[in-house]
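Taken straight from Swiss-Prot:
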MOD_RES   Ser2  phosphoserine
MOD_RES   Ser19  phosphoserine
MOD_RES   Ser26  phosphoserine
MOD_RES   Ser43  phosphoserine
BINDING   Arg116, Lys313, Gly338, Asp339, Thr371  substrate binding site
BINDING   Asn118, Ser120, Asp156, Thr157  K(+) binding site
MOD_RES   Ser292  phosphoserine
SITE      Lys313  site 'Transition state stabilizer'
BINDING   Glu315, Asp339  Mn(2+) binding site
BINDING   Thr475, Lys476, Thr477, Gly478, Arg479, Ser480, Trp525, Arg532, Arg559, Pro560, Gly561, Ser562, Gly563, Tyr564  beta-D-fructose 1,6-bisphosphate binding site
Amino acid sequence: MSVQENTLPQQLWPWIFRSQKDLAKSALSGAPGGPAGYLRRASVAQLTQELGTAFFQQQQLPAAMADTFLEHLCLLDIDSQPVAARSTSIIATIGPASRSVDRLKEMIKAGMNIARLNFSHGSHEYHAESIANIREATESFATSPLSYRPVAIALDTKGPEIRTGVLQGGPESEVEIVKGSQVLVTVDPKFQTRGDAKTVWVDYHNITRVVAVGGRIYIDDGLISLVVQKIGPEGLVTEVEHGGILGSRKGVNLPNTEVDLPGLSEQDLLDLRFGVQHNVDIIFASFVRKASDVLAVRDALGPEGQNIKIISKIENHEGVKKFDEILEVSDGIMVARGDLGIEIPAEKVFLAQKMMIGRCNLAGKPVVCATQMLESMITKARPTRAETSDVANAVLDGADCIMLSGETAKGSFPVEAVMMQHAIAREAEAAVYHRQLFEELRRAAPLSRDPTEVTAIGAVEASFKCCAAAIIVLTKTGRSAQLLSQYRPRAAVIAVTRSAQAARQVHLSRGVFPLLYREPPEAIWADDVDRRVQFGIESGKLRGFLRVGDLVIVVTGWRPGSGYTNIMRVLSVS
C-alpha cells in the first residue's frame with residue numbers, strides 16, 4: 001500500500017470493479033491514516049461488507065495490492081486466512097504404504113490430484129493392480145457429479161541410469177569402502193557378480209572414455225565418492241574421497257560429464273507400451289539430457305499415446321544447460337532435485353530450480369517441483385520447519401505441482417503428508433504477489449493471432465478488473481484452461497469438459513479445477529453451452545468458490561469442437 005495519506009494508490013484502481021470505485025473512495029478516504037491505514041487495520045469482514053464479497057474472498061489482500069515487492073513482504077499477515085481453494089496440484093507417489101483402495105480414497109479426500117507410479121521399482125503386474133486401485137478409489141466419488149474429483153495417473157520411467165554390479169557375497173551382501181583406499185571401477189564382465197571393497201563393476205561400457213582424470217564418481221546417491229587418478233586398460237583407478245557401506249546394484253552418477261547413454265532403455269520401451277495399454281495420462285521421462293530424448297519418448301508412445309503428456313525430468317548438468325531445447329519439445333518440466341543435487345553442487349540446486357520454474361512460467365508450460373519436500377514425514381508425523389518453508393517457496397517460485405515421493409510410497413504417514421502439503425500450499429498461494437506477477441507475464445507475452453490465446457489473456461485481465469470470483473471455461477482438450485492458467489489469475493479457473501482425459505491432465509496447470517460433464521450434448525448447441533456453464537457455477541457454489549452476487553468470467557467457443565475459443569462473457573451468480 002502507498003504510504004500517502006488520504007489518497008488511494010492509482011495502481012489499486014484497476015483491481016476494483018468500476019461500480020465499486022465510489023464506494024471504495026468513501027469508505028477509505030475518510031479513514032484515519034487514509035486508505036493505507038484503513039487497509040492495514042480493517043478486517044476482511046469489514047472490507048467484504050463495504051466493497052463486495054468477490055473482491056475480498058482471496059486473502060492477504062493488502063500485501064497483494066502493495067506498490068513494491070518490498071512493501072508486499074512487509075504487509076504479509078500471519079493472522080490472515082489461507083485461500084479457500086488450493087491452486088497448486090499435489091502429486092503423490094503410490095507404493096506399499098498407499099496402494100490400497102481405502103488408503104487411496106483418504107489421499108484423494110486429503111487433496112491428491114495426480115498419482116505417480118515409479119517404474120524403477122515393481123513389476124508390470126504390480127503396477128497394473130495399483131492402476132486398478134487408483135481408478136476404483138477415484139470412481140467411488142462419482143456418485144455426485146458436482147463433487148467428483150478426477151485423478152490423473154503418471155508413469156515415471158526408470159530412464160537411462162548407471163548401476164554397480166552384484167557383490168561377491170550375493171545381492172544382499174555389503175562391503176565397506178574405506179576412505180583413502182584405492183578402488184578399481186571396471187566394466188570387465190568377470191567382475192559383474194564378483195564385486196568387493198577393491199573392485200566395483202559398472203554397467204556403462206564407455207565410462208573410461210567419458211570420465212577424465214580428476215573427475216568424480218558418486219555411488220548410492222552420493223554417499224560414496226571416488227576421485228579418478230588413472231585411466232588404465234582394466235578400468236578407472238580411483239581414490240575413495242568419502243567412504244561408506246556399499247551394496248549391490250547401486251546407482252552411479254558422473255557429475256559434469258556428458259554420457260552417451262541412449263535416451264530410452266529396452267525396459268523403458270516396454271514400460272511405455274504398458275502405459276499406453278493402461279491409458280495413463282502423463283509420462284515423467286527420467287534423466288532427459290537433450291531434446292532428442294523427449295522425441296524418442298514421443299515416438300515410443302506411438303499414435304495410440306499421442307495425447308499422453310510428457311513431462312521431462314531434469315536431473316543432470318547437461319539437462320540444465322540444454323534446458324531451452326528440452327522445454328520446447330516437452331509438455332512440461334519436473335525439477336528432480338534428487339539426482340540433480342548430486343550432478344551439480346548442492347548449493348546450486350536452488351538456482352536451477354528458480355531458473356527452470358521461471359522459464360516454464362514464461363513459456364506457459366507446467367512445472368513440477370520434486371524430491372525431499374517433506375522427507376522427514378517418512379518416519380515422523382510432522383515435517384521440519386525447513387521442509388515447510390521449502391514447499392512454500394516452491395509455490396512462491398511458481399511451481400504448478402509439488403510432489404511427494406517416499407513420504408507417500410513407503411512412509412508411515414502418507415495421508416498426513418498430503419494434508420500437510422495442502423495446508424502449506426494454501427498459505428503460500430495467498431502470499432503470491434499477483435499484481436506484479438500478472439503484469440510481468442502480460443508484458444512478456446508475445447504478439448499473437450491465435451484467438452484462443454488472445455481470449456485467455458483478455459479473460460484474466462478482465463477477472464482482475466471486475467474482481468471476478470472465478471473464470472469458467474468450456475474446453476475439449478484442456479488447452480484453453482492451460483492458457484488461462486499461464487497468466488496466473490487470482491480467480492479459480494473452473495474447466496468444464498466432456499473429456500475424461502482432459503479433466504485429469506489439466507491438474508498439471510496451476511489454479512485449474514476440472515469438472516467432468518457427463519450429460520449428452522443438447523440438440524441446440526447454445527443450450528448445451530448454457531447448461532455446461534450453469535454446471536460450472538453450481539459446482540463453484542458447492543465448493544465455496546462462488547456466492548450469490550459474485551461475478552464470473554465465462555470463456556467459450558463460437559462453435560462446437562476444439563480450437564474455436566474466442567468468446568468471453570461476464571455473468572453474475574444468482
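Glycine too: its Cβ is placed from the backbone N, Cα and C atoms.
The model shown is predicted, which means the values in this text are computed figures rather than measured ones.
Spatially, by CA atoms, the binding-site residues Asn118, Thr477, Arg559 include one closest to Lys313 (substrate binding site), and that is Asn118. The separation of Thr477 (beta-D-fructose 1,6-bisphosphate binding site) from Asn118 (K(+) binding site), Cα to Cα, is 26 Å. Checking each of the binding-site residues (Ser120, Thr157, Glu315, Thr475, Arg479, Trp525) against Gly338 (substrate binding site), the C-alpha distance stays within 10 Å for Glu315. In sequence order, Gly263 make up the list of same-chain residues 6 or more apart from Ser292 (phosphoserine) whose Cβ falls under 8 Å from its Cβ. Taking CA atoms as the reference points, Asp339 (substrate binding site) and Arg479 (beta-D-fructose 1,6-bisphosphate binding site) are 32 Å apart.
Here the binding-site residues are Arg116, Lys313, Arg479, Arg559; the one with the fewest Cβ atoms within 10 Å of its Cβ is Arg559. Mapped onto three states, the DSSP output places Arg116 (substrate binding site) in strand. The most densely surrounded of the binding-site residues Asn118, Ser120, Thr157, Thr371, Thr477 is Thr157 (count of other Cβ atoms within 10 A of its Cβ). When secondary structure is read from DSSP and collapsed to three states, Asp339 (substrate binding site) falls in the helix class. Those same-chain residues not listed among Asn118, Ser120, Asp156, Thr157 yet with C-beta within 8 angstroms of the centroid of the K(+) site C-beta atoms are Leu117, Phe119, His121, Leu155, Lys158, Gly159, Phe284, Ser286. In this structure, the C-alpha atom of Arg116 (substrate binding site) lies 22 angstrom from that of Arg479 (beta-D-fructose 1,6-bisphosphate binding site).
In the three-state DSSP reading, Arg479 (beta-D-fructose 1,6-bisphosphate binding site) counts as helix. Mapped onto three states, the DSSP output places Trp525 (beta-D-fructose 1,6-bisphosphate binding site) in helix. Listed binding-site residues: Asp339, Thr475. The one with the lowest count of other Cβ atoms within 10 Å of its Cβ is Asp339. Cα spacing between Arg559 (beta-D-fructose 1,6-bisphosphate binding site) and Thr157 (K(+) binding site): 39 Å, rounded to the nearest whole number.
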